[in-house]
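Undergrad: Below is a structure I'd like to ask you about.
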Amino acid sequence: MNQTKYIFVTGGVTSSLGKGIIAASLAKLLQARGYRTTIQKFDPYINVDPGTLNPYEHGECYVTNDGAETDLDLGHYERFLNVPTSQANNVTTGRIYLSVIEKERRGEFLGKTVQVVPHITNEIKERMQLLGKSGDYDIVITEIGGTVGDIESLPYIESVRQLVWELGENNGIVIHLTLVPFLAAAGELKTKPTQHSVKTLMESGIKADILVCRTEYELSEDLRHKLALFCNVKREAVIQSIDASTIYDVPNLMLEEGLDKVALKKLDLPEKSTPDLKQWNEFLQKHKNPKHEVSIGLVGKYVELQDSYKSILEAFIHAGATNETKVNVISIHSEFLDVNSADEQLKGLDGILVAPGFGGRGIEGKIETVRYAREKNIPFLGICLGMQMAVIEYSRNVLGYTDANSTEMNQNTSHPVINLMEEQKTITDKGGTMRLGAWKCHLSENTLAHKIYGQSDILERHRHRYEFNSEYLEVLQKAGLKASGVNPETGLVEVIELENHPFFIGVQYHPEYKSTVLAPHPLFVSFIAAAVKHKNK
C-alpha cells in the first residue's frame, strides 16, 4: 500500500459505550486480514497526560515501552493487537495546547494571532497523521474521546472534518458509536437518541460512514432500515454491537456483523483473506471452559473502581485461560485490613496479589497482608509498591527492625529499607518525572524468577520513584529474602523472592502492562498455576 488510510471513531448519546473496544476489535480483524494496523486515542482533557490523575477519576494509568503515561484504552489496544504502543498513540488537549503555546513563544507563528482554527486544529491533524506518515502502518484508527456535542471535543471533531476532506475520497472514514436504549415501559428499542446524535455530528460537517449501535437486544431488520434511512448511511453500514459476556467476544461479533468488510469497502481496499482468528478463538475456548477455579485476593487502596487495576484484571484472564482456570478476583481494601481482621478477610484465598499504588493510606493493611501470605504459605505476588511492602514486612517481622519503612511514608524511619531514588531527589515537578518505561533486568540462575521467565535478561515497564535500599541487601539476603533480579547498569533490585516458600515473589516493575491475549505474562501464568496447586494440596 502506498497511502495510509484513516478510520475515525466517535461516540454519541453517552460516554462509556466502549469506543476503545470497538476500535481494538476492528483493528484486530484488519490485522488478521494482513493489514498493518495501529490505534491512537485523542483525549479531550487539559491534563498533559493521565500520569497525575487520581485512579478514581480516570482509572489506571497505562505505561508504554517508551515511558509514556497514557490512557487505559492503550492497554486494550496492546492486549488485542499484541503490538506495542508509544507516546504517539495517546494525545490530550493539554499536550496539544502546550505544544502550540511553546511554538508561539518561540515565534514560529510569525506574529499571527494564535487561534483554535487553524493553529490548534493543525496541531491535532499533524498528530493524527504522525503514525501514518511513519510508513509502518496501512491503516490508522483514531479514537476521539468524549461524546459528540461536548464542548471539549469540538476542536477534534473539526479536525476530523478537515482531515477527511483533505485526505480525499476513500482515504478517511468516520465510524459513529451510539446507544440504542431499550425502554422497558414501551417494551421496545428506541432509535431517537441515535438520530439526534448523528444530527449533532452532521451539524459539525461530518457524515458518519458506519453506525455501530450498542444494544441489549437484537436489532430487527426494520429497525436497522429505519436507522439507515434517518442517519443517512447504507443498510449494511448499520452494525449491531450487542452486550457480550466478555470484551474478547467483540472481534467475533464484529466479524459476524461485517464491520471490517464495510470499512474496507469504504476505504476502497481489498478484503484479502478471511481473518485468521484461530489463536484468538483457542484462547476464548479455554477462557469459557475452565477445568479449575481459584480465588485470588487483590489487595489495594483503589479497589472500589475496577478500572484502577484494569491491566492486572485482564492479565488474570489471560493467565487463567493458559491454565484453563477460572480466576475469581476478590477485591480487598487495604485501608480496612489489620492484624485483627486479616484472617477473616484473607482465609480461603488460593493466592494473594498486593497491588501498586502511591502514598501512605492503606499501607499497614498491605504489610499485614504480606505477613499473612508469607506465614501461611499462600502464593504471593507483589507489584511495585506491593514488592516494597514485602521488603518492609520482612525487615520488621524477620529481622526485627520494627520501624522499618519507606521514606515515602516515614522520612524519619531509622531503617529506610525503601528509599527515594538518587536521581529523583532534585525533582520537584510531579508530571512525567518518575522512572518510566522499559528497563533491563538480569535474573540470577537457579531462582524462581529465572525459572518463570526461562531466560536471564528481560525488559519490563516501570513507574516509580522509590527503590530497594541496597544498604540492606546483604542483611536481607542472609535472612532468606533473595534479590533474584537486578538492573545490570544501576544494580537496582527489581525482583525479590523467598527461598523457603512455595511461591513468593515481588517485582518493582509492572508485568501486567505486557500481558496480552496471545502472549500472557509468564509471572501471572506461574502465579495462577501456583494458586491451582495450593488449592489442590
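The backbone N, Cα and C atoms fix where each Cβ goes, glycine too.
As the structure is a computational prediction, the values presented were derived from the model and not from experiment.
Relevant sequence annotations retrieved from Swiss-Prot are reproduced here:
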ACT_SITE  CYS384  active site, nucleophile
BINDING   SER15, ASP150, ILE151, GLU152, LYS190, THR191, LYS192, PRO193, THR194, GLN195, LYS226  CTP binding site
BINDING   SER15, LYS190, THR191, LYS192, PRO193, THR194, GLN195, LYS226  UTP binding site
BINDING   SER16, LEU17, GLY18, LYS19, GLY20, ILE21, ASP73  ATP binding site
BINDING   TYR56, GLY357, LEU385, GLY386, MET387, GLN388, GLU408, ARG465  L-glutamine binding site
BINDING   ASP73, GLU143  Mg(2+) binding site
DOMAIN    295-537  domain 'Glutamine amidotransferase type-1'
REGION    1-269  region 'Amidoligase domain'
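What does the local environment look like for each feature on the list?
TA: Taking Cβ-Cβ distances under 8 Å and a sequence separation of 6 or more, the neighbours of CYS384 (active site, nucleophile) in its chain are PRO356, GLY357, ARG463, HIS464, VAL507, GLN508, TYR509, HIS510. Under the three-state DSSP scheme, CYS384 (active site, nucleophile) falls in the coil class.
With a 10 A radius on its CB, PRO193 (UTP binding site) counts 15 other CB atoms from all the protein chains.
Annotation note: THR191 (UTP binding site) sits in a coil segment as assigned by DSSP.
Secondary structure at ASP73 (ATP binding site), as computed by DSSP, is helix.
Within the same chain, residues at least six positions away from GLN388 (L-glutamine binding site) with a Cβ under 8 Å of its Cβ are GLY382, SER406, ILE418, TYR466, PHE468, GLY506, GLN508.
In sequence order, LYS19, GLY20, ALA23, ALA24, LYS41, TYR62, GLU143 are the residues of the chain that are 6 or more apart from ASP73 (ATP binding site) and have a CB within less than 8 Å of its CB.
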Undergrad: Taking just the CA atoms, what is the gap between GLN195 (UTP binding site) and GLU408 (L-glutamine binding site) in Å?
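TA: GLN195 (UTP binding site) and GLU408 (L-glutamine binding site) have their Cα atoms 53 Å apart.
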Undergrad: Using C-alpha atoms, which one of the binding-site residues ILE151, LYS226, GLY386, MET387 comes nearest to SER16 (ATP binding site)?
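TA: For SER16 (ATP binding site), the spatially nearest of the binding-site residues is ILE151.
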Undergrad: Between the binding-site residues LYS19, LYS226, where is the Cβ count within 10 Å the lowest?
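TA: Counting other Cβ atoms within 10 Å of each of the binding-site residues LYS19, LYS226, the minimum falls on LYS226.
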Undergrad: CA-CA, which of the binding-site residues GLY18, ILE21, MET387, GLU408 lies nearest LYS192 (CTP binding site)?
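TA: Its closest listed neighbour, by Cα, is GLY18.
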Undergrad: So what sits near LEU385 (L-glutamine binding site) in its own chain, CB-to-CB under 8 Å and at least six residues off in sequence?
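TA: For LEU385 (L-glutamine binding site), the qualifying residues are VAL354, ALA355, PRO356, GLY357, PHE358, LYS366, HIS464.
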